[in-house]
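Summarising the annotation, TrEMBL assigns domain 'PurM-like N-terminal' to 40-152. The Mg(2+) 4 binding site annotation in TrEMBL covers Asp42, Ser56, Asp87. Taken from TrEMBL, the feature Mg(2+) 3 binding site applies to Asp42, Asp87, Asp238. Annotation source TrEMBL lists Mg(2+) 1 binding site at Thr57, Asp58, Asp135. Positions annotated as Mg(2+) 2 binding site by TrEMBL: Asp58, Asp87. Annotated substrate binding site per TrEMBL: His65, Glu291, Trp343, in sequence order. Marked as ATP binding site by TrEMBL: Tyr117, Gly134, Asp135, Arg161, Ser240. Positions annotated as Mg(2+) 5 binding site by TrEMBL: Asp241.
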Amino acid sequence: MIEDKNPQRTSIAQLGEFGLIDHLTKNFEINQESTLKGIGDDAAVLDFGTRKTVVSTDLLIEGVHFDLAYMPLKHLGYKSVVVNLSDICAMNAKPTQITVSVAVSNRFPLEALEELYEGIARAAKEYKIDVIGGDTTSSQKGMIISITALGEADENEIVYRNGAKATDLLVVTGDIGAAYMGLQVLEREKQVFQVNPNSQPDLDAYTYLIERQLKPEARTDIRSLLHALEIKPTAMIDVSDGISSEIMHLCKQSNVGCNLYEDKLPLDPQFISVCEEFNIDSTTIAINGGEDYELLFTIAMSDFDKIKGNPNFTIIGHMTEPGEGLHLVTRANTKIQLKARGWNALSE
Ligand SMILES: [Mg+2]
């Protein structure tokens with residue numbers, strides 16, 4: 001299993017708080033015009049001009065949201081950023097800045113924080129966002145990461161959860177369920193490793209699933225794809241808890257019902273074969289698994305021609321009058337009521 005093989009252990013106390021922040025953030029560059037002042041003063045200064053600012057915050061706690069037994073710190077840093085950017089994307093806005101706050105117990109040496117920040121820096125570079133501030137402090141136990149993301153958009157571009165209409169089509173990007181099965185594979189390997197620390201796992205058959213779990217990406221590309229197609233979603237949310245629970249949010253806030261079609265769910269072949277290996281129903285996992293960080297949105301029926309056949313998008317259902325309820329229409333054409341079995345990690 002993945003473990004820290006770095007023999008060097010520098011005590012964080014040696015650097016002092018300000019020395020530590022300087023040390024961890026010295027390589028962060030400014031990429032965004034809206035960042036007038038990043039790290040280095042009491043506060044960052046941002047200028048979005050006439051644009052609107054969207055803000056989202058996440059708190060990640062060791063043992064609740066992540067397990068360092070199989071989550072390398074670099075990946076954790078990267079993923080912590082991605083889950084926040086995903087929420088900005090879900091507003092149809094462009095992510096621009098983040099603040100990062102970390103609390104660690106003395107179980108973690110400086111080298112561990114360096115790895116975490118390497119992942120954060122990697123994500124910042126990849127998504128061209130600026131790290132503009134944050135805090136590091138000590139905790140009694142474990143690691144806590146809090147990230148706040150900011151983004152910008154014109155007022156008329158912003159998409160809320162409450163705009164879906166009764167005849168709208170329901171669309172999802174990418175594929176779903178893989179991140180959850182990636183976690184199942186990693187959990188299984190962790191247990192094998194606990195019994196036999198010399199075991200060498202062969203994870204070749206699971207690479208896509210594990211990547212979806214350990215290194216998800218935020219769909220920052222969807223905003224421009226939709227713009228180019230001249231489509232503005234009527235409502236949107238990101239898939240952090242599984243589409244079943246996300247559909248419930250959209251329906252509740254838009255006051256509509258929904259029919260979701262089992263045969264339309266976009267599933268990766270590796271996901272399907274690993275569900276078979278684990279003897280789990282792939283549809284159940286696809287709609288209830290979490291952490292896919294795809295975007296789920298509704299569009300007007302009149303936009304159907306613009307989106308049909310586009311490999312980035314799958315139409316998986318349609319909205320209905322609120323009285324019709326929320327249903328999964330199975331391959332056998334039976335209707336099953338959707339239930340929230342949202343998965344309680346890395347939510348929102
Ligand atoms: Mg969200």
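Cβ from N, Cα, C; glycine included.
TrEMBL feature annotations superimposed on the structure.
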{"residue": "Asp42", "record": "Mg(2+) 4 binding site", "contacts (Cβ under 8 Å, 6+ apart)": "none"}
{"residue": "Tyr117", "record": "ATP binding site", "contacts (Cβ under 8 Å, 6+ apart)": "Leu24, Thr25, Gly77"}
{"residue": "Gly134", "record": "ATP binding site", "contacts (Cβ under 8 Å, 6+ apart)": "Ile21, Thr99, Val100, Ser101, Val102"}
{"residue": "Arg161", "record": "ATP binding site", "contacts (Cβ under 8 Å, 6+ apart)": "Ala235, Met236, Ile237, His249, Leu250, Gln253, Ser254"}
{"residue": "Asp238", "record": "Mg(2+) 3 binding site", "contacts (Cβ under 8 Å, 6+ apart)": "Ser86, Asp87, Cys89, Ala90, Arg219, Glu246, Tyr293, Glu294, Leu295, Leu296"}
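Each residue contributes its Cα atom, and for Ser56 (Mg(2+) 4 binding site) and Ser240 (ATP binding site) these two points are 14 Å apart. A distance of 28 Å separates the Cα atom of Asp135 (Mg(2+) 1 binding site) from that of the residue listed as 'Mg(2+) 5 binding site'. Only Asp238 of the binding-site residues listed as Asp58, Tyr117, Asp238 bring a Cβ under 6 Å of any atom of ligand 1; the order follows the sequence. Those same-chain residues not listed among Thr57, Asp58, Asp135 yet with C-beta within 8 angstroms of the centroid of the Mg(2+) 1 site C-beta atoms are Leu59, Asn84, Thr99, Val100, Ser101, Gly134, Ile145, Ser146, Ile147, Thr148. Sorting the binding-site residues Asp87, Asp135, Glu291 by the number of other Cβ atoms within 10 Å puts Glu291 first.
Rounded to a whole number, the distance between the Cα atoms of Thr57 (Mg(2+) 1 binding site) and His65 (substrate binding site) is 15 Å. Following the DSSP three-state reduction, the secondary structure of Gly134 (ATP binding site) is strand. When the Cα of Asp241 (Mg(2+) 5 binding site) is compared against those of the binding-site residues Thr57, Asp58, Glu291, the shortest separation belongs to Glu291. Secondary structure at Tyr117 (ATP binding site), taken from DSSP and collapsed to helix, strand or coil, is helix.
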